[in-house]
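Below: the structure, in structure tokens.
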Amino acid sequence: MGSTVIPISDGDQGFADLKEKGKFQVSLSPIASFVQKNKDSIKKIIHCIKVGSALVLVSLVYFVDPLYKEVGDDNAMWAIMTVVVIFEFHAGATLGKGFYRGIGTVLGGGLGCLAAILGEQVGGIGNPFIVGVSLFIFGGAATYARLIPNIKKRYDYGVMIFILTFNLVSVSGLREENVMEIARERLMMIVMGFAICICTTLFFFPAWASDEIHNSMVSKFEDLASSIEGCVEEYFRLAGDKENQSVHPIASFRNCISVLNSKAKDESLVNFAKWEPWHGKFGLFHPWEKYQKIGEVLREVAAIILSLKGSLNSSKEPLQALRGSIKEPCEAAGSSLAWTLRELGESIKKMRRCQSEPFIVPRLKLARQGLSQVMSPFKLGKHDTAEGLAIACFVFSLMELAERLEGLAKEVEELGELAGFNPS
């Protein structure tokens, strides 16, 4: 039987005395190995099972005759529709959608009832006129609100539900006499569907957006650290060494591109995490906005690393002597940059406060000083060629990375203070 070797995280119990800096390894059985490698697929399967279970539960309105006779076919449909439209993969997304649906339903239903009652009081041909004017005014105003970027970004779903509910309730008043009773019954069905969604998503293998954004942020630090190491190693590799020459840069640049393209996903996960209740290590007022700021700095770092690609491909016949003269300080700087990223990522992962001033910032300043000495006119001034300029750009990029990481360290330190991370 084969086995797979994986590192044990700090959260695992029973092996604390055997771990050494988080690198202790244990052999897993094939079943555990399969679960480890297919976590995302298993989560998706669990989500599908949860949605199916919620649909079965809400369909009891149709299956149970007394309940069906009580609510009727038209109203029972609203409970099923609620489950279909608000059940999302993450618990926070389901809570947020349910809240906006509830607000939109209450406001739209309330105003729709007022429009229907007002039209009924007028009577005759004035009834459809009042309802039509109400639909035009409120529907047009709500549609205009959906076009405002800030509203569309956060409240688009709630405004859409408001338009739908207001239209259905107000128009129903033209043919139905007991419009208030219809609105009440439909609201009860929506509440029932929402309750089933919440119970299913929160109490049966919940998928927390907060865990995903936290783990994703930690992995970005490691990816960028590996990218810097790969780029520096590739840059100082001899020109005649062709084997495996593109292995590091391809992997490095792919990681950087992945980080650059993560903005939309990060924003969605942060918005979902804000809706989630207190669970595990995340409280109600966890500073999720700080994760967005850290993500922005990480994307800037990824962009700078991508700019190194031009230096790697600058010339087929590089100035090896000049590169050799700057190799040691550049490799030392690259090592310091990678260490800094891993240290910051580890502090977020373990939720311990990062002390940037006494430990990280001095090391980065030392790396910048070493690179500044490399950029002296004596060394680079006499190489006014394309390759010489490319080498200067490479060194300047490393200096800029060191500067950005100083700001990143302060952002991570502020995160630890706001979130109440444990002292180092």
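Residue 1 is the first one shown; counting continues down the chain.
Cβ coordinates come from backbone N, Cα and C, glycine included.
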Feature transmembrane segment in TrEMBL, mapped to one of the ranges 66-83, 84-101, 102-119:
102-119
With pairs restricted to those 6 or more apart in sequence, evaluate whether the transmembrane segment (45-64) and the transmembrane segment (187-209) have 3+ C-beta pairs under 8 Å.
yes
Please give the sequence-distant neighbours of the transmembrane segment (187-209): residues at least 6 beyond its ends with Cβ less than 8 Å from one of its Cβ atoms.
43, 46-47, 50, 53-54, 57-58, 61, 71, 75-83, 86-95, 98, 101-102, 105-106, 109, 269-270, 272-273, 276-277, 279-280, 282
Tertiary contacts of the transmembrane segment (157-175) (same chain, 6+ residues out, Cβ under 8 Å):
97, 100-101, 103-105, 107-109, 111-113, 115-117, 119-120, 127-128, 131, 134-135, 138-139, 142-143, 145-146, 151, 182-183, 186
